[in-house]
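A short worksheet on the structure shown next.
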Amino acid sequence: MKIGVMGAGSWGTTLAKVFSDAGCDVTLWARREEVAREINTEHTNSTYLRGIALPHTLTATTQPTQALCDADVVVLAVPSQTLRGNLAEWCADIPQDALLLSLAKGIEKETFLRMSEVIAEVTGAQPDKVAVLSGPNLAREIAEEQPAATVIACTNEKNAQRIQHALAAPYFRPYTNTDVIGCEIGGACKNVIALACGMASGRGLGENTLATLMTRGLAEISRLGVAMGADPRTLSGLAGLGDLVATCSSPLSRNRTFGARLGEGKTLDEARAATNGQVAEGVISSQSIARLADSLGVDMPITRAVFGVCHRDQNVADMVAALMGRTKKSE
(Lines of atoms letter the chains of each structure in order from A and count residues from 1; the text may use other names and numbers.)
(Lines give C-alpha, C1' and ligand atoms only; values in the text may rest on other atoms or scores of the structure.)
Protein backbone atom coordinates (compact mmCIF):
# COMPACT_ATOMS: atom_id res chain seq x y z
CA MET A 1 0.00 0.00 0.00
CA LYS A 2 1.29 3.48 -0.87
CA ILE A 3 1.18 6.01 1.95
CA GLY A 4 1.68 9.78 1.76
CA VAL A 5 2.40 11.38 5.14
CA MET A 6 1.91 15.14 5.16
CA GLY A 7 3.98 16.61 7.97
CA ALA A 8 7.44 15.63 9.23
CA GLY A 9 7.14 16.66 12.87
CA SER A 10 7.67 14.11 15.62
CA TRP A 11 4.28 12.41 15.21
CA GLY A 12 4.20 12.46 11.41
CA THR A 13 7.73 11.07 11.22
CA THR A 14 6.90 8.40 13.79
CA LEU A 15 3.80 7.25 11.87
CA ALA A 16 5.81 7.24 8.64
CA LYS A 17 8.29 4.92 10.38
CA VAL A 18 5.50 2.63 11.60
CA PHE A 19 3.92 2.39 8.14
CA SER A 20 7.36 1.65 6.67
CA ASP A 21 8.08 -1.00 9.29
CA ALA A 22 4.69 -2.55 8.46
CA GLY A 23 5.82 -2.97 4.84
CA CYS A 24 4.20 0.02 3.15
CA ASP A 25 5.71 2.29 0.49
CA VAL A 26 5.91 5.63 2.34
CA THR A 27 6.71 9.15 1.18
CA LEU A 28 6.95 11.82 3.88
CA TRP A 29 6.34 15.48 3.06
CA ALA A 30 8.52 17.94 4.99
CA ARG A 31 8.10 21.69 4.82
CA ARG A 32 11.83 22.36 5.22
CA GLU A 33 14.42 21.24 2.69
CA GLU A 34 17.04 20.44 5.34
CA VAL A 35 14.66 18.07 7.14
CA ALA A 36 13.84 16.17 3.94
CA ARG A 37 17.52 16.00 2.98
CA GLU A 38 18.52 14.58 6.36
CA ILE A 39 15.79 11.92 6.23
CA ASN A 40 16.90 10.86 2.74
CA THR A 41 20.66 10.88 3.35
CA GLU A 42 21.16 10.21 7.06
CA HIS A 43 17.87 8.38 7.72
CA THR A 44 17.28 10.51 10.81
CA ASN A 45 15.17 13.53 11.74
CA SER A 46 17.27 15.16 14.43
CA THR A 47 15.01 18.22 14.62
CA TYR A 48 12.02 16.25 15.91
CA LEU A 49 13.20 12.70 16.74
CA ARG A 50 16.83 12.95 17.76
CA GLY A 51 18.57 9.59 18.04
CA ILE A 52 15.93 7.58 16.16
CA ALA A 53 17.04 5.58 13.12
CA LEU A 54 14.49 5.74 10.30
CA PRO A 55 13.95 2.96 7.73
CA HIS A 56 16.05 3.27 4.57
CA THR A 57 12.87 2.57 2.61
CA LEU A 58 11.30 5.81 3.90
CA THR A 59 11.73 8.72 1.50
CA ALA A 60 11.07 12.40 2.11
CA THR A 61 10.21 15.30 -0.18
CA THR A 62 9.35 18.97 0.03
CA GLN A 63 6.96 18.63 -2.91
CA PRO A 64 3.38 17.89 -1.78
CA THR A 65 2.49 16.50 -5.21
CA GLN A 66 5.24 13.88 -4.91
CA ALA A 67 3.99 12.66 -1.52
CA LEU A 68 0.35 12.62 -2.64
CA CYS A 69 0.82 11.02 -6.07
CA ASP A 70 -1.01 7.65 -6.26
CA ALA A 71 -1.33 7.45 -2.46
CA ASP A 72 -3.80 4.87 -1.16
CA VAL A 73 -3.79 6.56 2.24
CA VAL A 74 -3.02 10.24 2.90
CA VAL A 75 -1.95 10.84 6.50
CA LEU A 76 -2.57 14.40 7.69
CA ALA A 77 0.02 15.17 10.35
CA VAL A 78 -0.21 18.94 10.73
CA PRO A 79 -1.56 20.92 13.73
CA SER A 80 -5.33 21.19 13.99
CA GLN A 81 -5.51 24.96 13.53
CA THR A 82 -3.43 24.83 10.31
CA LEU A 83 -5.22 21.83 8.80
CA ARG A 84 -7.78 23.81 6.80
CA GLY A 85 -5.19 26.05 5.16
CA ASN A 86 -2.90 23.16 4.29
CA LEU A 87 -5.74 21.09 2.86
CA ALA A 88 -6.80 23.99 0.65
CA GLU A 89 -3.32 23.89 -0.92
CA TRP A 90 -3.20 20.11 -1.26
CA CYS A 91 -6.73 18.99 -2.06
CA ALA A 92 -6.40 19.27 -5.85
CA ASP A 93 -3.55 16.72 -5.73
CA ILE A 94 -5.16 14.24 -3.31
CA PRO A 95 -6.14 11.09 -5.25
CA GLN A 96 -9.91 10.75 -5.49
CA ASP A 97 -9.95 7.20 -4.12
CA ALA A 98 -7.49 7.81 -1.28
CA LEU A 99 -8.43 7.28 2.34
CA LEU A 100 -7.67 10.31 4.52
CA LEU A 101 -6.27 9.69 8.01
CA SER A 102 -6.18 12.57 10.50
CA LEU A 103 -3.60 12.65 13.29
CA ALA A 104 -4.62 16.13 14.48
CA LYS A 105 -6.35 16.38 17.86
CA GLY A 106 -8.36 19.53 18.30
CA ILE A 107 -11.54 21.47 17.59
CA GLU A 108 -11.32 24.19 14.94
CA LYS A 109 -11.37 27.52 16.73
CA GLU A 110 -13.84 29.51 14.65
CA THR A 111 -16.20 26.77 13.48
CA PHE A 112 -16.14 24.25 16.38
CA LEU A 113 -15.71 21.53 13.74
CA ARG A 114 -13.93 18.28 14.47
CA MET A 115 -10.91 17.52 12.28
CA SER A 116 -12.72 14.86 10.23
CA GLU A 117 -15.44 17.43 9.49
CA VAL A 118 -12.85 19.98 8.37
CA ILE A 119 -11.28 17.38 6.07
CA ALA A 120 -14.61 16.41 4.50
CA GLU A 121 -15.64 20.06 4.07
CA VAL A 122 -12.41 21.22 2.41
CA THR A 123 -11.66 18.18 0.24
CA GLY A 124 -15.20 17.13 -0.59
CA ALA A 125 -14.37 13.59 0.51
CA GLN A 126 -17.23 11.42 1.70
CA PRO A 127 -17.16 11.06 5.51
CA ASP A 128 -16.78 7.27 5.20
CA LYS A 129 -13.39 7.82 3.53
CA VAL A 130 -12.09 9.96 6.39
CA ALA A 131 -10.53 8.21 9.39
CA VAL A 132 -8.91 9.43 12.59
CA LEU A 133 -6.17 7.91 14.72
CA SER A 134 -6.26 8.32 18.49
CA GLY A 135 -4.88 6.56 21.54
CA PRO A 136 -2.10 6.60 24.16
CA ASN A 137 0.53 7.40 21.56
CA LEU A 138 3.53 9.41 22.73
CA ALA A 139 5.65 9.76 19.60
CA ARG A 140 9.07 9.19 21.18
CA GLU A 141 8.08 5.90 22.82
CA ILE A 142 6.59 4.53 19.60
CA ALA A 143 9.61 5.66 17.58
CA GLU A 144 11.72 3.69 20.08
CA GLU A 145 9.51 0.69 19.25
CA GLN A 146 8.06 0.38 22.73
CA PRO A 147 4.81 -1.65 22.51
CA ALA A 148 1.70 0.52 22.08
CA ALA A 149 -1.84 0.35 20.76
CA THR A 150 -4.06 2.84 18.99
CA VAL A 151 -7.54 3.22 17.50
CA ILE A 152 -8.39 3.81 13.85
CA ALA A 153 -11.91 5.24 13.73
CA CYS A 154 -13.97 5.50 10.55
CA THR A 155 -17.70 5.27 9.94
CA ASN A 156 -16.90 2.65 7.29
CA GLU A 157 -15.45 -0.31 9.20
CA LYS A 158 -13.86 -1.85 6.09
CA ASN A 159 -11.92 1.35 5.45
CA ALA A 160 -10.79 1.39 9.07
CA GLN A 161 -9.61 -2.20 8.65
CA ARG A 162 -7.63 -1.31 5.51
CA ILE A 163 -5.66 1.26 7.48
CA GLN A 164 -5.41 -1.11 10.46
CA HIS A 165 -3.71 -3.79 8.32
CA ALA A 166 -1.37 -1.24 6.72
CA LEU A 167 -0.29 0.15 10.10
CA ALA A 168 0.15 -3.07 12.09
CA ALA A 169 3.82 -3.37 13.08
CA PRO A 170 5.41 -5.77 15.61
CA TYR A 171 5.42 -3.00 18.23
CA PHE A 172 2.23 -1.17 17.22
CA ARG A 173 -1.26 -2.68 17.49
CA PRO A 174 -4.17 -0.78 15.89
CA TYR A 175 -7.79 -1.47 16.84
CA THR A 176 -10.78 -0.25 14.82
CA ASN A 177 -13.87 1.67 15.88
CA THR A 178 -16.76 3.28 14.00
CA ASP A 179 -17.27 6.00 16.65
CA VAL A 180 -15.38 8.86 15.02
CA ILE A 181 -17.00 11.47 17.27
CA GLY A 182 -15.93 9.74 20.49
CA CYS A 183 -12.36 9.23 19.32
CA GLU A 184 -12.01 12.85 18.20
CA ILE A 185 -13.57 14.35 21.33
CA GLY A 186 -11.40 12.18 23.56
CA GLY A 187 -8.28 13.20 21.64
CA ALA A 188 -9.07 16.91 21.64
CA CYS A 189 -10.22 17.27 25.23
CA LYS A 190 -7.44 15.27 26.87
CA ASN A 191 -4.94 17.97 25.88
CA VAL A 192 -6.83 20.47 28.02
CA ILE A 193 -6.96 18.12 31.02
CA ALA A 194 -3.24 17.45 30.58
CA LEU A 195 -2.61 21.19 30.84
CA ALA A 196 -4.51 21.20 34.15
CA CYS A 197 -2.45 18.26 35.42
CA GLY A 198 0.73 20.02 34.39
CA MET A 199 -0.35 23.19 36.21
CA ALA A 200 -1.02 21.18 39.37
CA SER A 201 2.33 19.43 39.09
CA GLY A 202 4.09 22.75 38.52
CA ARG A 203 2.63 23.99 41.80
CA GLY A 204 4.04 20.94 43.58
CA LEU A 205 0.69 19.24 44.11
CA GLY A 206 0.71 15.47 44.47
CA GLU A 207 -0.78 12.29 43.09
CA ASN A 208 -4.17 12.70 44.75
CA THR A 209 -4.68 15.98 42.92
CA LEU A 210 -3.55 14.54 39.60
CA ALA A 211 -5.78 11.47 39.96
CA THR A 212 -8.72 13.72 40.80
CA LEU A 213 -8.12 15.91 37.75
CA MET A 214 -7.82 12.91 35.43
CA THR A 215 -10.92 11.18 36.78
CA ARG A 216 -13.14 14.26 36.84
CA GLY A 217 -11.60 15.32 33.54
CA LEU A 218 -12.72 12.05 31.98
CA ALA A 219 -16.22 12.67 33.37
CA GLU A 220 -16.52 16.04 31.64
CA ILE A 221 -15.03 14.71 28.40
CA SER A 222 -17.66 11.96 28.46
CA ARG A 223 -20.46 14.48 29.03
CA LEU A 224 -19.39 16.48 25.99
CA GLY A 225 -18.90 13.38 23.85
CA VAL A 226 -22.33 11.99 24.66
CA ALA A 227 -23.94 15.39 23.98
CA MET A 228 -22.35 15.29 20.52
CA GLY A 229 -23.46 11.73 19.79
CA ALA A 230 -20.47 9.68 20.93
CA ASP A 231 -20.69 6.20 22.41
CA PRO A 232 -19.64 6.55 26.08
CA ARG A 233 -17.81 3.21 25.85
CA THR A 234 -15.34 4.79 23.43
CA LEU A 235 -14.26 7.23 26.11
CA SER A 236 -13.39 4.42 28.53
CA GLY A 237 -11.14 2.84 25.89
CA LEU A 238 -7.78 3.61 24.30
CA ALA A 239 -8.96 6.80 22.56
CA GLY A 240 -10.46 8.16 25.78
CA LEU A 241 -9.05 6.95 29.07
CA GLY A 242 -5.88 5.53 27.52
CA ASP A 243 -4.94 8.73 25.74
CA LEU A 244 -5.87 10.80 28.79
CA VAL A 245 -3.65 8.83 31.19
CA ALA A 246 -0.63 8.90 28.87
CA THR A 247 -0.92 12.61 28.10
CA CYS A 248 -1.58 13.67 31.69
CA SER A 249 1.16 11.50 33.21
CA SER A 250 4.18 11.60 30.94
CA PRO A 251 6.98 14.19 30.89
CA LEU A 252 7.06 13.51 27.13
CA SER A 253 3.63 15.16 26.84
CA ARG A 254 3.94 18.68 25.42
CA ASN A 255 0.65 19.73 27.00
CA ARG A 256 1.58 18.48 30.47
CA THR A 257 5.01 20.11 30.26
CA PHE A 258 3.55 23.41 29.05
CA GLY A 259 1.03 23.34 31.90
CA ALA A 260 3.79 22.67 34.42
CA ARG A 261 5.57 25.85 33.31
CA LEU A 262 2.38 27.82 33.83
CA GLY A 263 2.00 26.22 37.27
CA GLU A 264 5.54 27.31 38.14
CA GLY A 265 4.44 30.91 37.57
CA LYS A 266 5.56 31.51 34.00
CA THR A 267 3.38 33.59 31.72
CA LEU A 268 1.98 32.15 28.51
CA ASP A 269 4.68 33.96 26.53
CA GLU A 270 7.43 32.68 28.84
CA ALA A 271 6.12 29.12 28.58
CA ARG A 272 6.00 29.48 24.80
CA ALA A 273 9.59 30.73 24.73
CA ALA A 274 10.69 27.70 26.77
CA THR A 275 9.18 25.40 24.12
CA ASN A 276 10.90 27.00 21.12
CA GLY A 277 7.94 29.23 20.36
CA GLN A 278 5.40 26.40 20.27
CA VAL A 279 2.06 26.70 22.03
CA ALA A 280 0.60 23.44 23.32
CA GLU A 281 -2.48 22.28 21.42
CA GLY A 282 -4.55 22.35 24.62
CA VAL A 283 -4.07 26.11 25.00
CA ILE A 284 -5.86 26.72 21.71
CA SER A 285 -8.35 23.89 22.18
CA SER A 286 -9.41 25.09 25.63
CA GLN A 287 -11.06 28.11 24.03
CA SER A 288 -12.98 26.24 21.33
CA ILE A 289 -13.95 23.36 23.63
CA ALA A 290 -15.18 25.70 26.40
CA ARG A 291 -17.33 27.60 23.92
CA LEU A 292 -18.59 24.41 22.31
CA ALA A 293 -19.55 23.06 25.75
CA ASP A 294 -21.40 26.30 26.53
CA SER A 295 -23.34 26.08 23.28
CA LEU A 296 -24.45 22.54 24.17
CA GLY A 297 -25.13 23.27 27.84
CA VAL A 298 -22.42 20.84 29.00
CA ASP A 299 -20.71 21.45 32.35
CA MET A 300 -16.90 21.30 31.93
CA PRO A 301 -15.39 23.04 34.97
CA ILE A 302 -11.78 21.89 34.49
CA THR A 303 -11.79 22.93 30.85
CA ARG A 304 -13.29 26.29 31.77
CA ALA A 305 -10.65 26.77 34.49
CA VAL A 306 -7.84 26.05 32.01
CA PHE A 307 -9.46 28.47 29.55
CA GLY A 308 -9.44 31.10 32.30
CA VAL A 309 -5.72 30.66 32.95
CA CYS A 310 -4.76 30.60 29.27
CA HIS A 311 -7.09 33.28 27.91
CA ARG A 312 -8.38 35.38 30.82
CA ASP A 313 -5.17 35.97 32.79
CA GLN A 314 -6.38 34.03 35.82
CA ASN A 315 -3.66 32.52 37.98
CA VAL A 316 -3.32 28.83 38.75
CA ALA A 317 -3.90 29.24 42.50
CA ASP A 318 -7.26 30.88 41.83
CA MET A 319 -8.11 28.10 39.38
CA VAL A 320 -7.50 25.44 42.04
CA ALA A 321 -9.50 27.37 44.64
CA ALA A 322 -12.41 27.81 42.24
CA LEU A 323 -12.52 24.11 41.41
CA MET A 324 -12.38 23.08 45.07
CA GLY A 325 -15.04 25.62 46.04
CA ARG A 326 -17.69 24.46 43.59
CA THR A 327 -21.14 23.49 44.84
CA LYS A 328 -21.14 20.06 46.49
CA LYS A 329 -22.90 17.28 44.58
CA SER A 330 -23.01 13.51 44.11
CA GLU A 331 -20.48 11.82 41.85
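Along the chain as shown, the residues are counted starting at 1.
Including glycine, each Cβ sits where the backbone N, Cα and C put it.
Taken from Swiss-Prot, the feature NADPH binding site covers S10, W11, R31, R32, K105, A139, R254, V279, E281. For E281 (NADPH binding site), the same-chain residues that are 6 or more apart in sequence and have a Cβ closer than 8 Å to its Cβ are P79, S80, K105, G106, N191, R254, N255.
Swiss-Prot lists K105, G135, K190, D243, S253, R254, N255 with the feature sn-glycerol 3-phosphate binding site. Within 10 Å of the C-beta of N255 (sn-glycerol 3-phosphate binding site) there are 25 other C-beta atoms, taking all protein chains into account. N255 (sn-glycerol 3-phosphate binding site) falls within a helical segment according to DSSP.
The active site, proton acceptor annotation in Swiss-Prot covers K190. Other C-beta atoms found within 10 angstroms of the C-beta of K190 (sn-glycerol 3-phosphate binding site) number 34, with every protein chain shown included.
When the Cα of R31 (NADPH binding site) is compared against those of the binding-site residues K190, D243, S253, the shortest separation belongs to S253. The Cβ of G135 (sn-glycerol 3-phosphate binding site) has 24 neighbouring Cβ atoms from other residues within 10 Å, across all protein chains displayed.
The separation of S253 (sn-glycerol 3-phosphate binding site) from S10 (NADPH binding site), Cα to Cα, is 12 Å.
In the three-state DSSP scheme, D243 (sn-glycerol 3-phosphate binding site) falls into the helix class. The number of other CB atoms found within 10 A of the CB of K105 (NADPH binding site), across every protein chain shown, is 30. Looking only at the binding-site residues R31, R254, the densest Cβ neighbourhood within 10 Å occurs at R254.
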